[in-house]
Amino acid sequence: NGACKCPPGWNGVAFVVDVHCPLNYKGIGCEEVCDCLQGASCDRWAGCVCPPGWTGTNCQTKCPHGTYGKRCVKYCNCHNEATCSPSDGRCNCTDGWYGTDCQKTCPIRRFGRRCQQVCTCKNNATCNNVDGSCACVTPWTGRNCDQ
């Protein structure tokens with residue numbers, strides 16, 4: 001009678017209507033299993049669609065250092081040895097630095113992680129933005145330049 005017999009995953013006249021595969025299956029006949037990691041979705045034709053920050057056939061690989069986002073194609077803009085979130089590119093500043101790209105040194109009398117610690121330097125000494133150590137002005141000495 002001229003009617004077509006469709007393979008699994010297809011129906012309609014002359015294979016024109018695409019049928020969605022069951023969850024975690026892909027391919028022409030929906031016979032291939034998607035083994036996606038990181039909560040990735042399974043596309044019938046592309047396979048695993050990785051969330052931002054992940055790549056690889058099964059989304060098993062974190063973005064390489066210095067890259068982020070969907071398919072890891074965006075480049076990080078973090079400074080002063082800051083690390084970049086592989087999912088959204090946000091910078092995680094090292095001690096003594098702050099700002100969206102970690103280019104700002106801690107304000108005067110502040111130091112450390114997110115500049116949350118207060119310097120204890122006395123007598124016009126300079127406070128190190130990373131560890132809070134004091135650079136004393138002559139004639140002052142001591143850990144806090146108070147001797």
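A Cβ is built for glycine as well, from the same backbone N, Cα and C atoms used for every other residue.
Bear in mind that TrEMBL entries carry predicted annotations, made automatically and left uncurated.
Positions annotated as domain 'EGF-like' by TrEMBL: 73-103, 111-146. TrEMBL lists CYS93-CYS102, CYS136-CYS145 with the feature disulfide bond.
Sequence-distant neighbours of CYS93 (disulfide bond) (same chain, 6+ residues apart, CB-CB distance under 8 A): CYS78, ASN80, ALA82, GLY99, CYS102, ARG114. When the domain 'EGF-like' (111-146) is classified with DSSP, helix, strand and coil residues number 3 helix, 7 strand, 26 coil. Cβ contacts within 10 Å of CYS145 (disulfide bond), excluding its own Cβ and spanning all protein chains shown: 20. For CYS136 (disulfide bond), the same-chain residues 6+ apart in sequence whose C-beta sits under 8 angstroms from its C-beta are CYS121, ASN123, ALA125, GLY142, CYS145.
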